[in-house]
């Protein structure tokens, strides 16, 4: 490829540095050539997208290595906004620079966004009910998507799990996500997992625990003779362990203690400690892997500018009660794009609160869009285009304007902040505690993907009268479709688009059987 990472620093800004006119043509062409089809073929939602990115950018193109991939995954999951879209943007930003990264974003997101816009136009022109065959097709899509996401979660967990600690954090992240759901909850879980990894890797509790254990032991051994006797008992007979009388002097006189194999064990323990510390030091990122996108000052300035824009939008929203409908739509989605942690699986219930609860879109239309977005390629955040279009049409405005505002408001916060974060990240990513923190965040983020599987499973079956959706477990047919999607991908290499078509066809088959039997 021969392309170097792009670097732009606004503090020393020059047009040729920002655009790099000598290389912009080849970079833009590379961006188009490698990304033009991904917006049409990346089905299955964020968990599957991450796997697609790994296969393409790490294994095939070698644009980034495994270390950088895992770091980007942790960053994009830990901060607000569309996780897979931010990761796709950051990979292209690191490799090709800013303008090609923007191009790659539009190539990635626009096909699905245009599809959801067309769907919204169609839904706005249908009656109150849909044919049951359509509901069956949508339910089949949902069932197949659950299997695809479950497989992606398993495969991502296999990469995130590197030891017993990360295995435990993946499990606890999934379990905690299943038991409770709130806007603040997911980022707190991921941060807590990162702190646990730091404490574990730096062995901050190792000393206090040993101190407590030693105090307990000393409490049981009251006199010096008993202490010597216990040490002698640790020496197995005939083991050849050395015994040595060591004289120790203190202010009260001279004491004798027995040096046995236990001292050798202590030495071995110290050697093990040193080995673990050396392994921890090796986790520091080599300079050959370091990312150079912009300076940390530039990154901090970008984040500060975003925070200023967010405050301005929210103040206007709160202080002016008679804002137009489209401004309220933009501000609600701008807020959603700012506070959503966990990516696509989390955005769905939040958008329900910000759109359906405002009576801008009916529950039925919301549920139809929810089912179809699972079968659309690209980011799940394109659901905001569908909702923005319907909101505008229902309010008497242009659907094109509503869809554009929805697209802009939901994607801009995440991309703006992650671009600034990359500047800060290039300055701190080599620190040991940062590496440990991301190791824990990464494990918890993977665990939370299993919550997306469960939540879609619980509302995947839609039909007449199911305004909120029903669990796929209520009918064995959908369980078989989900299992078939999982097995096909895991054992036979079936691609997600094929699995989605497979699920839709089986949904129609079920409809035909039910209708034939007169149910």
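Just so you know, glycine gets a Cβ as well, placed from its N, Cα and C.
Nobody curates TrEMBL annotations by hand; they come from automatic prediction.
The transmembrane segment annotation in TrEMBL falls on one of the ranges 258-278, 279-299, 300-320, 426-446, namely 300-320. Per TrEMBL, the range carrying the annotation transmembrane segment out of 192-217, 218-243, 400-425 is 400-425. Simply put, out of 96-121, 133-156, 366-388, 400-425, 400-425 has the most Cβ pairs sitting under 8 Å from the transmembrane segment (300-320). The transmembrane segment (400-425) makes contact with the transmembrane segment (96-121), as judged by at least three Cβ pairs under 8 Å among residues 6 or more apart in sequence.
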